[in-house]
Every structure is written in structure tokens, then in C-alpha cells.
Amino acid sequence: MQDNPNKSAGGVRQVAVLGAGAWGTAVAMALAQRHDVMLWGRNPEALQDMARARENTAYLPGHPFPAGLRVAADFDAALAHVAGPDSLLIAACPVAGLRPLLEQLKSRSIPNVVWLCKGFEYGTGLLPHQIVREVLGAGVAGGALSGPSFAQEVAKGLPCALTIASDSAALRDCVVAAVHGGNIRVYSSEDLVGVEVGGAVKNVLAIATGVADGLGLGLNARAALITRGLAEITRLGTALGGHVETFMGLTGMGDLILTCTGDLSRNRRVGLGLAQGKPLDVIVHELGHVAEGVPCSKAVRELAARMGVDMPITNAVAGVLFDGDQPQVMVSRLLARDPRDEKVQR
Ligand SMILES: NC(=O)C1=CN([C@@H]2O[C@H](COP(=O)(O)OP(=O)(O)OC[C@H]3O[C@@H](n4cnc5c(N)ncnc54)[C@H](O)[C@@H]3O)[C@@H](O)[C@H]2O)C=CC1
Ligand SMILES: O=C(CO)COP(=O)(O)O
């Protein structure tokens, strides 16, 4: 392979992206402008198709790969690619796939790790960084890269701003140096909990605004849901130890606005489908992508109930998704709640 003249920004030369869905592919394409990037996916046939077409026709059609991007169906080859010291490993699967993916990395020598998934793990109620610690141990330098970023726009090279959250300053610096540049700005944060809670719960709220918009309830209702949704994120996030200002930033309010209002959002599209009366399995099948807000609504409902945190919009979404509540009932229940003080309180 020819050397990329722009590579090795910030010391990072080799990057492996594990997970070849829409977001993993878009991130791999963006980073391949500056680094030697290998994109691994778990489906060998899909990888063969990508290698042939130089495009991810299944998950990110219409966006040709840059010349420097390599794809690999061989997990060992992807790990060997990041065996050197100037390397970054990016886990780009959904939350449900994070634990199984990390299990494959256990007892292997791995470099700095960054994960892109947004949600709480169903069953355990854990955030991604807690799963990473549980599986790989506390000694691994890792962080969450999050923020308002539709894969299709990043693949087109349109501008976006992200946040890398980690308790390791060295990891934050490494990721900023490796990813910041061109049309991508990267901010840093020490608030892993706040960043991950914002990214997780905004998906549930995007389903809620999709329902409201699908029912034709108007822009006032949408603005109310987004704002009270932010209060919900902040209540849960601070109860878990996140910082209030994080929820006003890119990974809180920023991603919430994007996902609740942008029709590229898969979660918003789930809400629009529910409002049309479509069954959830049909919506998910038509989507062909993960909609993290679906399992996350259930995980958050359970976690918030255990912690005594009031999450009315999340509960209403979970009711429609899992308890057979009608979308119209969801809205009337929210409207019928007792009046209260607007400030965020538990
Ligand atoms: N698509 C987007 O615009 C953005 C997505 N995200 C987050 O990134 C995560 C991934 O999303 P997408 O790539 O868009 O989903 P997607 O539905 O387009 O693709 C998911 C990919 O993950 C793979 N996968 C599932 N389990 C796996 C496992 N155990 N090991 C390896 N691969 C596995 C699937 O085969 C598929 O290729 C989600 O948590 C999502 O919320 C974050 C920012 C933007
Ligand atoms: O997280 C995202 C944008 O920041 C993508 O949102 P969806 O998963 O709803 O498409």
C-alpha cells in the first residue's frame, strides 16, 4: 500500500475500526484521510463485497471509500494492524455487541481503545465504560467518542464536532491529536458518565419526538419534549455522577437536538413508524440498522426506577414499545401529569 502523506497526526499511525456498520464505516473513512486504517466487520461476505465495491453498500451506500482504507474479515489481522505503539483501536458496534467484542480482545495485547456506541446495556444497566472496565479491567486506557454526528454527513466530509471523554488525559490528548482536523473538531471531557448518559438517553427522546411529529402534534410539542427530555437526561445523569454542564454540551443538548429533529436519525424514524401504527418488528426490519433507543428505553426505565429518578418521557416511550400502549395514550399521559416546578429535580 502507498504511504499516506498526511498520516501519523498526533503520533497515531495505525487505526483499527472494529464494526463495519454505518458509523464504523464513516469514522474509518474520515480517519483514512490521515492514518492507515483497517475496517473489520464480523460478516466475511459483507467484507468481501466492500473490498470489491470499495463502498459499504449494505450500511452506508453511496459513499465510496478513500484509497487508503483497507477492509479485513480476519480479526487477528485487524489486531495485528494495531500491534505497534502508535495505534488506536475503535470499537464501533452497538452496545449489545460491545461485551462480546471485548471478550474477543481479552488477554490480547491492545492499544488505546475508543468506543462509539450510545446506550445502556440491557440486563445489567451498565454504561459502555463500565462494560469495558468489567471485561478488560481498569488498566486499559479508554474513552467514549460521542456527539452529534450522522454517519452519512461524516461520510460526505461535512463538518461536525465530537467529544472524547476519558479519565485518562493521555488518552484524550491522543484521540484529539488523531481525530481532530479537517472538518472534524474534537473537544475533550473528563466526564465519561455525563457524556455516555447524554448519548444514551437522547435516543429514547428521539423516539418520543418521532411519535409526536408523526401524530402531527406540532413544533411546540416537539420543543417541549426536547426541553423536558434534557431535564430527564440531566436528572438521571447527575444522579449517576455526571456533571450538569456536560448535558448542555455537544453530547447532551447537541446530540439531543440533532437526533430529535433530523430525519436521518434511525431512532426518530422508529417514533414516526410507531405513530403510523406499524408494529415494532416491522419498523426495525425496514430500518435495517440498530435503533439503540429501543433497548435503551427499557434499560433506563428499570435503572431509573431502581434509583428513584423520575423519567416520564422515557417511561412513556417504553410503554409504547413494550407494553402495547398506544402512541396517543403516551402523549395524553404526559400532558395529564400534575404541574410542577420547571427546575431539574429528582
Ligand atoms: N450511525 C450514526 O450516525 C451513529 C451511530 N452511533 C452509534 O454507533 C453504534 C453503531 O451504530 P451504527 O454503526 O450506525 O449501526 P448499524 O446498525 O449501521 O451497524 C451495526 C454494525 O455493528 C455490527 N455488530 C453488531 N454486533 C457486533 C459485534 N458483537 N461485533 C462486531 N460487530 C457487531 C453489525 O454487524 C453492523 O455491522 C450505535 O451504538 C450507535 O448509536 C454513534 C454516532 C453516530
Ligand atoms: O447518534 C447519532 C447521531 O449523533 C445517530 O442517531 P440514530 O442512531 O438515531 O440514527
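Glycine is treated like the rest: Cβ placed from N, Cα and C.
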Self-check item: Given TrEMBL lists Gly147, Ser149, Lys202, Asp255, Ser265, Arg266, Asn267 for sn-glycerol 3-phosphate, the same-site residue among Lys118, Lys156, Lys278
Solution: Lys118
Quiz item: Looking at TrEMBL, which one out of Tyr59, Tyr187 binds NADPH in the same site as Trp23, Arg42, Lys118, Ala151, Arg266, Val290, Glu292?
Solution: Tyr59
Practice problem: List those of the binding-site residues Gly19, Ser149, Ala151, Ser265, Arg266, Val290 whose Cβ lies under 6 Å from any atom of ligand 2, in sequence order, or write none if there are none. | Solution: Ser149, Ser265, Arg266
Exercise. Please check each of the binding-site residues Arg42, Lys118, Gly147, Glu292 and report the ones with a CB atom less than 6 Å from an atom of ligand 1, ordered along the sequence.
Key: Arg42, Lys118, Glu292
Quiz item: How many angstrom lie between the most widely spaced Cα atoms of the NAD(+) binders Gly19, Ala20, Gly21, Ala22, Trp23, Gly24, Ala151, Arg266?
Solution: 18
Quiz item: Which has the fewest other Cβ atoms within 10 Å: Trp23, Tyr59, the binding-site residues listed?
Solution: Tyr59
Exercise. Only counting partners 6 or more residues apart, tell me which same-chain residues put their Cβ under 8 Å from the Cβ of Asp255 (sn-glycerol 3-phosphate binding site).
Key: Ser146, Gly147, Pro148, Ser149, Gly198, Gly199, Lys202
Exercise. With sn-glycerol 3-phosphate as the bound species and Lys118, Gly147, Ser149, Lys202, Asp255, Ser265, Arg266, Asn267 as its recorded binding residues, calculate the greatest Cα-Cα distance and give it in Å as a whole number.
Key: 16
Self-check item: For Asn267 (sn-glycerol 3-phosphate binding site), nearby residues of its own chain (Cβ under 8 Å, 6 or more apart in sequence)
Solution: Asn203, Val204, Ala206, Ile207, Gly210, Thr259, Ala291, Glu292, Gly293, Val294
